[in-house]
């Protein structure tokens, strides 16, 4: 399989759902199925933090989520763990600035999808030059899901990436809700990534559907 093109990547980013077992109050597999039914376009397993599964339980959980994504034809991305991504033959991996370096990740992952979190123009350019397929930019708004986040950038911070000539597909990250999705897309993002807006929603299906509507209205 050749590397994904910019146009193909940008079509996968509109509703990017990130979840681990510890992000849900309901059964995680049902939450993911409801989100898939509602229209998520890409999924990332982020099984880390307090209460996260480890060892074989983590691998088994990942396989179950991956199988669901395959059923719906939605790419399955692994957060941070390149070895797990390779073991599962996942569609790709997402790495932060404190995770394994992009050059090493690209060598290991071949032509799979690689996303990189970028907080500055310099980080973005380095990621692009060394093989990133998309950038996760944020946090756009304050978030309670991640405890180790950088300073909030706002939609102006996201727009700055575009103003500086960054044409790589971008997904906005951090504190995104149905209500502020349109502003993120209008600032230049190809999509929004959410955790709690879907994982803790009363109806993951309805929340996903509304997020997709907001993105599509603004693209």
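Numbers here mean position along the shown chain, with the first residue as 1.
Glycine residues also receive a Cβ, built from the backbone N, Cα and C atoms like all the rest.
Swiss-Prot annotations:
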- 44, 45, 46, 47, 48, 79, 117, 146: 4-amino-2-methyl-5-(diphosphooxymethyl)pyrimidine binding site (BINDING)
- 80, 99: Mg(2+) binding site (BINDING)
Subject >> Secondary-structure category, per DSSP, in which residue 48 (4-amino-2-methyl-5-(diphosphooxymethyl)pyrimidine binding site) falls >> reply: coil
Original post:
Which of the listed binding-site residues (47, 80, 99) has the least company, meaning the fewest other Cβ atoms within 10 Å of its Cβ?
Top reply: 99
Original post:
Out of 46, 48, which of the binding-site residues has the smallest number of neighbouring Cβ atoms within 10 Å?
Top reply: 48
Subject >> Residues satisfying Cβ distance under 8 Å from residue 45 (4-amino-2-methyl-5-(diphosphooxymethyl)pyrimidine binding site), sequence separation of at least 6 >> reply: 19, 20, 62, 65, 66, 76, 77, 78, 79
**OP:** Round to a whole number and give the Cα-to-Cα distance in Å for the pair residue 99 (Mg(2+) binding site) and residue 117 (4-amino-2-methyl-5-(diphosphooxymethyl)pyrimidine binding site).
**Re:** 10
**OP:** Rounded to the nearest Å, what's the C-alpha distance separating residue 47 (4-amino-2-methyl-5-(diphosphooxymethyl)pyrimidine binding site) and residue 80 (Mg(2+) binding site)? Just drop the number here, would you?
**Re:** 10
